[in-house]
Amino acid sequence: MTTGPIGNGSMPSTFLLSGIPGLEHMHIWISLPLFLMYLVSILGNCTILFIIKTEPSLHEPMYLFLSMLALTDLGLSLCTLPTVLGIFWVGARDIGHDACFAQLFFIHCLSFLESSVLLSMAFDRFVAICRPLHYASILTHTVIGRIGLASLGRSVALIFPLPFMLKRFPYCGSLVLSHSYCLHQEVMKLACADIKANSIYGMFVIVSTVGVDSLLILFSYALILRTVLSIASQTERLKALNTCVSHISAVLLFYTPMIGLSVIHRFGKQAPHMVQVVMGFVYLLFPPVMNPIVYSVKTKQIRDRVTHAFCN
């Protein structure tokens, strides 16, 4: 194993990914629930996409944003599936630096895109509840398309510099990463150089995406709650709030593990390594698995189409 700086002249040929330390003898058994989660994620999100595409009555803003969420979750699952299952099935830990940088680009880009989509869905709920008479005129298909492109453009623009910022570093030491996939905050710690610029830029990206988006989502729900509380009928109040339950669940599923993992990486140096590993799997696997289930259970239109498709 290389111990001095390598590279660019200073680039390592590979990094080493990690499974679950101390449980290598159980990796094949641990791979079974992981494989099942990937299968549920891929089939669930593909089902959501298929139903929305083939059912004309679902070509409405709420479901178009849901299809964006499903597409993003599908991409996240496919980004990590080869390296995660490669480690747990055949012990394939090596990953070339270019493949690692490409993987972290897509993981971070899709994660921040998901944050943008969740913000867009909050805006959809705000317009539907607070401006119902203008809903169709505000959220046209053209506007939804522009929102989607703007969200994608923001994510790509912010994440694009990261692989190049990492590529300029020399690397040394064991070159072992803590997770079964590559993350910027993990790779930069292996550099034998000053990583202050990367750390500052990484924090800027998180604040300008997850930070801003989460605050705007909270603001949207404050306005929604104010509008709902002004409705005289309790039945109508509950009906309005019920349309938000799926989205609130998706927000919590996404932001809670993401913020937790970021805090652990930046400030939780004393946290047990197992906590990092588990949080890493929760961060990337739990939202793509649970979002299709939540929306299928809580959204009547989706539930009815899913039931109809499987019963027939």
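For all residues, glycine too, the Cβ spot is worked out from N, Cα and C.
Per TrEMBL, domain 'G-protein coupled receptors family 1 profile' is recorded for 44-295. Annotation source TrEMBL lists transmembrane segment at 28-52, 64-89, 101-123, 135-160, 200-224, 245-268, 274-295.
On the 0 to 100 pLDDT scale, the domain 'G-protein coupled receptors family 1 profile' (44-295) averages 90 in the predicted structure.
Simply put, out of 28-52, 64-89, 245-268, 64-89 has the most Cβ pairs sitting under 8 Å from the transmembrane segment (101-123).
The list of residues near the transmembrane segment (64-89) in space but at least 6 beyond its ends in sequence, with Cβ under 8 angstroms from a Cβ of it, reads 17-19, 27-28, 30-31, 34-35, 38, 41-42, 45-46, 48-49, 52-53, 95, 103, 106-107, 110-111, 113-114, 117-118, 120-121, 124, 141, 144, 148, 151, 180-182, 250, 284-285, 287-288, 291-292, 295, 302. For the transmembrane segment (245-268), same-chain residues at least 6 beyond its ends with a Cβ under 8 Å from one of its own Cβ atoms are 69, 111, 114-115, 118, 121-122, 125, 183, 185-186, 203, 206, 210, 214, 217, 221, 275-276, 279-280, 282-283, 286-287, 290-291, 294-295, 298-299.
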